[in-house]
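Undergrad: Encoded as structure tokens, here's the structure I'll be asking about.
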Amino acid sequence: LLLVDDNPVNIKLLFTLIKKLKQPFEIARNGLEAVERYKESLSSRSPRLFDIVFMDVIMPVMDGFEATRQIRQLELEHMVAAGEGAGKEKCKIIALTGLSSDSDRREAAASGCDMFWTKPIRLDALRKFV
């Protein structure tokens with residue numbers, strides 16, 4: 001799992017929830033850092049660590065929508081989409097945001113997000129997905 005958020009309070013909340021699920025994870029503090037970590041995971045010889053990315057939408061440096069577009073492009077470049085890349089599959093990206101308008105949902109889908117969750121995130125929702 002990769003948790004991407006610039007807000008320390010949100011990171012702490014996500015950290016606490018994911019820790020309860022006993023899942024390994026890493027943290028990125030902005031979209032650019034997330035893209036860099038994802039890129040590193042694609043180039044490693046071990047199975048990809050990031051099957052799921054929880055992506056905040058509004059962040060400095062690079063927002064979550066742009067980071068999602070770049071991750072999807074990396075997947076295409078590495079032939080990961082649709083399971084074509086030596087056992088590596090496309091990751092699930094969940095947009096996490098306080099925004100909830102229809103235009104935000106459309107932009108999330110257009111950028112490549114698989115799901116759109118509004119904050120705060122609940123443990124039961126995470127359990128069902130992870």
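Glycine is treated like the rest: Cβ placed from N, Cα and C.
Pulled these features from TrEMBL for this protein:
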type	residues	note
DOMAIN	1-130	domain 'Response regulatory'
MOD_RES	ASP56	4-aspartylphosphate
Undergrad: What is the three-state DSSP composition of the domain 'Response regulatory' (1-130), stated as helix, strand and coil residue counts?
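TA: Breakdown, helix to coil: 60 helix, 23 strand, 47 coil.
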Undergrad: Could you tell me the mean pLDDT the prediction assigns to the domain 'Response regulatory' (1-130)?
TA: 86
Undergrad: Just to confirm: which same-chain residues, 6+ apart in sequence, have a Cβ under 8 Å from the Cβ of ASP56 (4-aspartylphosphate)?
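TA: ASP56 (4-aspartylphosphate) has long-range Cβ partners VAL4, ASP5, ASP6, ASN7, ASN10, GLY64, LEU96, THR97.
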